[in-house]
Amino acid sequence: MSIAPPSSPRCAAAVTPLPRALLGPGPVILSGERRTGSRNHRVKCLWEGVRLGTMLRGAVGMREWNLVCEDDWKAPLTTSLFFVGVLIGSFISGQLSDRFGRKNVLFLTMAVQTGFSFLQIFSISWEMFTVLFLIVGMGQISNYVVAFILGTEILGKSVRILFSTLGVCIFFAIGYMLLPLFAYFIRDWRMLLLALTVPGLFCIPLWWIIPESPRWLISQGRYKEAEAIIQKAAKMNGIPAPAVLFDTAEMQDSKPQQQQKAILLDLFRTRNIATITIMSLLLWFFTSVGYFGLSLSTPDWHGNAYVNCFLSAVIEVPAYVIAWLLLRSLPRRYSLSGTLFLGGSVVLFIQLVPAELNVLSVGLVMLGKFGITAAFSMLYVYNVELYPTLVRNMAVGATSTASRLGSIIAPYFVYLGAYDRFLPYILMGSLTVLIGILTLFLPESFGNPLPESFEQMLKVKCFRNEQQTTGIRSSKESPKSLITPL
């Protein structure tokens, strides 16, 4: 099988047997021809392996749509546009689930991801594939964020940490490890997409198993529904529950949270809260650049691209285990700062490794991926603990938006390796170390109860002068206040 030349006067990849090109380790060299006017200029096109996104979905699409030479810019753009969809989904998922409920939005976005992934199989052009890929990105991140919030609000404190780290992340890593295996054995990209889409149908029965978030129902004044869910959970766990959990008259006398119209600007209401939000946005942005930059650079490592991708997934398992242990016993700020500093400093050391010590370079990259992955998994728990129910999903959506901006530019960080192979690692390492230092200036949430109302977050005390910020006052004092050094 060879790559057919295009009909238009473009750069055509010459005859290269596809199976050998995909199976062989290291970069794949494709010779090409660029015809301009009456002159033919022989050029050489370097296809540096197949990057993470295109290795799994676009390798055969490169042959089918001739995405080489003059059109090679389309391959990384496909990955970036997927993350643009992820960005859009991160922005809207929080607001949709805050308004329409966690469960409804969860299953709707799962249907979007599964349905449009299936439609990609019938793509007749790169443009069609890319547009559908963008929509898949919207659905993928939306159901991920909403599922995370739903699980966090349903589960208790000890189980919540287990769910947020080992639960969600370990299963993510397992799926990550399966992807290169699927891609290795299923070389037809349409069949690969079909194999990745079918499991989504198995989630349909979960509609009758997963409940709505009681916290969200309470925030909307739907106390009877929340009470029924809590009593059912107590019965399943063998715990006696009172016949009446919420006094309707008392609830009506109190100001219901649904009358407090939360908007995005509430995340910037006071100086300290705005500082927390801005620092959180920066933390998510640069952590995402480091994580996706290292993940997308796996084909550039020494050895087979499929094996490297698999190892990149395997290293995430111990990272999630360590993150879980740190969250159980140590303050959030120190845990985050330590793992970020480890990941960033190790990546910076790569430039000092001699070229002949390829195995050592790969080991350092893996250690860097370990540190950044551990920090990334802890970010979700930390972010949830900073914000109350009314704006929690909105806050997670906003910070996830910043994270997706980082993922959009991450492929171009990797692309800088074409000019200097150490430049991507220098940039990612430096930024990760800096953001690790910035983390120390965020408030500490370790040991504090999960905020229930927006008033609790507005009562943030400054470390320097111990003055309370202005904002809405609550009749009930929070057991503990978040402390920030700014």
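Backbone N, Cα and C atoms are what each Cβ position is placed from, and that goes for glycine too.
According to TrEMBL, the protein carries these features:
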type	residues	note
DOMAIN	12-447	domain 'Major facilitator superfamily (MFS) profile'
TRANSMEM	75-93	transmembrane segment
TRANSMEM	105-122	transmembrane segment
TRANSMEM	128-150	transmembrane segment
TRANSMEM	162-186	transmembrane segment
TRANSMEM	192-210	transmembrane segment
TRANSMEM	273-293	transmembrane segment
TRANSMEM	305-327	transmembrane segment
TRANSMEM	334-353	transmembrane segment
TRANSMEM	359-382	transmembrane segment
TRANSMEM	422-442	transmembrane segment
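Using the rule of three or more Cβ pairs under 8 Å, pairs at least 6 apart in sequence, the transmembrane segment (105-122) is not in contact with the transmembrane segment (162-186). Beyond its flanks by at least six residues, the transmembrane segment (359-382) meets 148, 160-161, 164-165, 168-169, 283-284, 287-288, 290-291, 294-295, 297, 301-303, 308, 311-312, 315-316, 318-320, 322-323, 326-327, 332, 335-336, 339-344, 346-347, 349-350, 353, 396, 399, 425, 429, 432, 436, 445 of its own chain at Cβ-Cβ distances under 8 Å. The predicted model assigns the domain 'Major facilitator superfamily (MFS) profile' (12-447) a mean pLDDT of 78.
For the transmembrane segment (162-186), the list of distant contacts is 55-56, 59, 147-148, 151-152, 155, 192, 195-196, 306-307, 309-310, 312-314, 316-317, 320-321, 323-324, 327, 377-378, 380-381, 384: same-chain residues at least six beyond its ends, Cβ to Cβ under 8 Å. If one looks beyond the transmembrane segment (305-327) by at least 6 residues along the same chain, the residues whose Cβ comes under 8 Å of a Cβ in the stretch are 25, 49-50, 52, 55, 161-162, 164-166, 169-170, 172-173, 176-177, 179-181, 183-184, 294-295, 298-299, 335, 338-339, 362, 366, 369-371, 373-375, 377-378, 381.
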